[in-house]
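Per TrEMBL, these features apply:
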type: ACT_SITE; residues: HIS95; note: active site, proton donor
type: BINDING; residues: TRP29, SER63, PHE64, GLU65, ASN87, VAL88, ILE89, PHE120; note: 5-amino-6-(D-ribitylamino)uracil binding site
type: BINDING; residues: GLU92, THR93, ARG134; note: (2S)-2-hydroxy-3-oxobutyl phosphate binding site
Amino acid sequence: MATTNLSYYDKATIPNAKKYRFGIVVSEWNPDITENLYLGAVQALIENGATNDNIIKWDVPGSFELIFGCKKMIETQNVDAIIAIGNVIQGETKHFDFVCDGVTQGIKDLNIKYDIPIIFCVLTDNTKQQSLDRSGGKHGNKGIESAVAAIKMAALREF
Ligand SMILES: Nc1c(NC[C@H](O)[C@H](O)[C@H](O)CO)[nH]c(=O)[nH]c1=O
Ligand SMILES: CC(=O)[C@@H](O)COP(=O)(O)O
């Protein structure tokens, strides 16, 4: 299946983000990748009207800890949407499968339990190159895509 460029979007279709507060929880594993995803997300949020004062960043050790970090962000901070940023790269063992499945199910469960949308910005890649390609490389930046989703979901939440 063709890989869609993750960064192109029509600004005219995006609500203005000025009134929304965003949480961004970032995994410290593969920091060169996750920091680029974070910078892409912040760039897109600001370009669509968000202010730096309305963006709260928390760091967690790994993608599996995104679950608890997002839960605590919801329970203690006044945010309209959260972006969960991680990068899981296949190693020698099945640990990749369990981390990817665990964080996927955990973030899904939080989206069901709470009234705050959590955007899944976790790259789950076979190789480092695939991660580089999707965090500012030839396939764009998933952080930008996720920021656009966060703005749209913050607006939808108001209905
Ligand atoms: N191998 C990767 C991990 N592993 C660590 C787990 O996310 C977790 O922190 C640990 O199991 C302790 O609970 N995390 C990533 O984000 N990316 C990886 O490639
Ligand atoms: C996804 C992981 O936890 C993985 O990178 C760890 O590597 P390994 O499977 O070789 O222990």
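Yeah, the Cβs are placed from backbone N, Cα and C, and that goes for glycine too.
Whatever TrEMBL says is automated annotation, not expert-curated.
Overlay of TrEMBL annotations on the structure.
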{"residue": "TRP29", "record": "5-amino-6-(D-ribitylamino)uracil binding site", "Cβ neighbours (10 Å)": "18"}
{"residue": "SER63", "record": "5-amino-6-(D-ribitylamino)uracil binding site", "Cβ neighbours (10 Å)": "28"}
{"residue": "PHE64", "record": "5-amino-6-(D-ribitylamino)uracil binding site", "Cβ neighbours (10 Å)": "19"}
{"residue": "GLU65", "record": "5-amino-6-(D-ribitylamino)uracil binding site", "Cβ neighbours (10 Å)": "18"}
{"residue": "ASN87", "record": "5-amino-6-(D-ribitylamino)uracil binding site", "Cβ neighbours (10 Å)": "29"}
{"residue": "VAL88", "record": "5-amino-6-(D-ribitylamino)uracil binding site", "Cβ neighbours (10 Å)": "25"}
{"residue": "ILE89", "record": "5-amino-6-(D-ribitylamino)uracil binding site", "Cβ neighbours (10 Å)": "17"}
{"residue": "GLU92", "record": "(2S)-2-hydroxy-3-oxobutyl phosphate binding site", "Cβ neighbours (10 Å)": "6"}
{"residue": "THR93", "record": "(2S)-2-hydroxy-3-oxobutyl phosphate binding site", "Cβ neighbours (10 Å)": "8"}
{"residue": "PHE120", "record": "5-amino-6-(D-ribitylamino)uracil binding site", "Cβ neighbours (10 Å)": "18"}
Inquiry  = Are there any residues at least 6 positions away along the chain from ARG134 ((2S)-2-hydroxy-3-oxobutyl phosphate binding site) with a Cβ closer than 8 Å to its Cβ? List them or say none.
reply    = THR3, LEU6, LEU123, ASP125, GLY140, ASN141, LYS142
Task = Among the binding-site residues TRP29, SER63, THR93, PHE120, ARG134, name every one whose Cβ is found under 6 angstroms from ligand 1, counting any of its atoms.
result = TRP29, SER63
Note = Close to ligand 2, in the sense of Cβ under 6 Å, among PHE64, THR93, HIS95 as recorded positions, are THR93, HIS95
Request  = Report the nearest neighbour of PHE64 (5-amino-6-(D-ribitylamino)uracil binding site) in space among the recorded positions GLU92, THR93, HIS95, comparing Cα positions.
outcome  = HIS95
Key: Whole-number Å value for how far HIS95 (active site, proton donor) lies from ILE89 (5-amino-6-(D-ribitylamino)uracil binding site) (Cα to Cα)   = 10
Message = In whole Å, how far does the CA atom of ASN87 (5-amino-6-(D-ribitylamino)uracil binding site) lie from that of the residue listed as 'active site, proton donor'?
response = 13
Message = When DSSP is mapped onto helix/strand/coil, what comes out for PHE64 (5-amino-6-(D-ribitylamino)uracil binding site)?
response = helix
Request  = Measure the Cβ-based neighbour count of HIS95 (active site, proton donor), defined as the other Cβ atoms within 10 Å of its Cβ.
outcome  = 12
